[in-house]
Amino acid sequence: MKLKTSNFKEPKHVGVVICVNWNNTEDVFSCGDDHKLLKWNLVNSECMVVTTFPDDFYPTGMHLFPKINIGGGNKHQHDVILISTADGKFHIVNHNGRIEKTVSAHQGACLAAQWSPDGAGLLTAGEDGFVKVWSRNGLLRSTIVQSDVPCFNAVWSPESNAILYTKENILVIKYLNSSNKITKWKAHEGLILCIAWNANNNMILSGSEDGFSKIWDTFGQQISVSVKHDQPITSVSWSPAGDMFVLGSFNLIRLCSSNGWSHCLDRPTTGSIYNIAWSSDGTQLAAACANGHVLFGHIIDREYTWKNYSCTQIGRKVIYIKDIITDQNDQLDYPDRVIQIALGFNHLVIATVKQCFIHKLTSWNTPVTFDLKEGTISMILLAERCLCIVERAGLSVYSYMGRLLASPRWGARPESLGRAAISLGPDALAAIDQGDRKLIHVFDLPTGLIVRSSADNTVTKLTHKMTVSSIALSQTGLINERQLALLDYNRDLYVVTVKDTKPKFIKLGSQILSIAWSYETELLVGLRASSVVAWCCPRAATQPNWLALTTVSKDVADLGRNPTILAIEDGVARVCRGNGSILHLSIAAFPEKLLKHVSANLWQAALQLCRTVEDETLWACLAVLAWQHHQLPVAEEAFALIRQYHQVYYIQHLRSNIPEKLIT
């Protein structure tokens, strides 16, 4: 993955550019010390002066009103820009450049101003050490912080219920509800210049004069620290999806993963980069530079793999796909800029600004095409029978023929949904409730030719005892056997059968960092800090001794901090280490082969495999699976070979007292 940067030959601003912000995926506003508000169109490569502010108007920050639906309000009333200035004021400006309202907020400079994510109000932070919350119309609601040192930056929490602000080299989280405790910690050795708080992963990013950028959780625990840079970090910004971030310094811009390792480094001759903003689709960024330029960048060389296929985005509108085995390859050109790519389940799905293209991997050049509701797509999820597109307008589930199957609704803000909070199965969609993260919604999806309305979809609500951080639906089996694996904030792994009359959360393990189901079987694999664990028969969790017998663990050194399991294929786990390198681990090749035989009802082939390999774990898996599928002769042999003699006697009792036709 790379960041390709460009800028106009001549700077359009005279002097320093202080702030930039995106209006949509094509238009960018910028403001600088020359008192001008400029609008850049990336499609036409045009730049126009929206307005010129008075000579005493020196901006320090800019934020556009969030693109959300506010009940009862006129949409045009919310197309406004919030600009803070060095004279202690903040200004509400419409898109034509007219100042609608000016409020004197601070003594000294107003160093930060930001709309709340829900659009209900705004905050300001000033050189006088005050942090204040205002109504949407500019009326003071409360003074949250009174400090004796300047507050250089402040941002809202994703839920708009707390504020993160800087106090020299200390970070502080202050909740608007006074009953909650303040969280504060020393974050850097030098003055903290910039911060960001992501809605999807709930992680905090900070940059300082000491040359380091650091990632924190909301408890003040350090997740990652960058290499030391020669100059202060002057700007940081999360991508909307939270899977990467970018930092700016003097003549430097660096793209990093959410774990902190660097994707790429560019050294444009721009001077210090004071502000960086991502487009809502997470594929483009704009940066305000000290030499008067606005630097634009877009993500290229995104790589995706599935089985023997690899796919790479080599241009804004160009995808290169290759079959590694046959060496067949092709270059796919699209009419608009590519936003999202998904590869899997024998399909390649490409979302552009206006359309979605569904390619079969057997016939790349004849895609199914349908128009998108909106051009801001944050995620594409694939399953065996359907795909899910997450847009700002909502979630939509389509068949691979382009037919809309369902549009699940549960009061969520789709733009703040991360990959950990949503999972797609072949006939179900699961999502963590954003208001109550102990609650999980599981939607049944219509899989036949008759399309039901969203009101007809059966919704199962599961409530866990702890806050849930990650979920994953199994990808095979019948809908009544659909299993959901979840990780809670204690890093405990649970599995539950969704359609049980009384769903029961069964604990599989603890200290689990990441989980993934196999695409083809009910093999569940998880990562610990220094090992990989495979649960070959998660349904055996009802019997603790069976669970232990059917679990495989393999020690792995040097996984690094926060490793992630990407996929499971034929018992081989693809793991992303903490430093970004990919590791392939054969953890359960024979158990997965056994599971495939069982799903195809090939019991003699399963027996032959176990007799050939002569592995106790494999025999245990066969014993449990045969017992669950009422294959008593197979189960008797398997239990005998793992020395579960009480089970053998019980099976012999059943076979001698129950007619053979009832147990086969």
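A Cβ is built for glycine as well, from the same backbone N, Cα and C atoms used for every other residue.
Feature annotation from TrEMBL assigns domain 'IFT80 second beta-propeller' to 301-589. Summarising the annotation, TrEMBL assigns domain 'IFT80/172/WDR35 TPR' to 618-656. Residues or ranges marked as repeat 'WD' by TrEMBL: 103-135, 185-217.
Under 8 Å from some Cβ of the repeat 'WD' (103-135) lie the Cβ atoms of residues 60-61, 63-66, 68, 70, 78, 82-91, 141-156, 158-160, 163, 165, 174, 176, 199, 416, all in the same chain and six or more residues away from its ends.
Nonlocal intrachain contacts for the repeat 'WD' (185-217), taken as residues 6+ away from its ends with a CB within less than 8 angstroms of a stretch CB, comprise 117, 152-158, 164, 166, 168-171, 223-226, 228-238, 240-243, 245, 247, 249, 256, 258-260, 413, 415-418, 420-421. In the predicted model, the domain 'IFT80 second beta-propeller' (301-589) has a mean pLDDT of 90. Here the repeat 'WD' (103-135) has, by DSSP, the following mix of helix, strand and coil residues: 0 helix, 20 strand, 13 coil.
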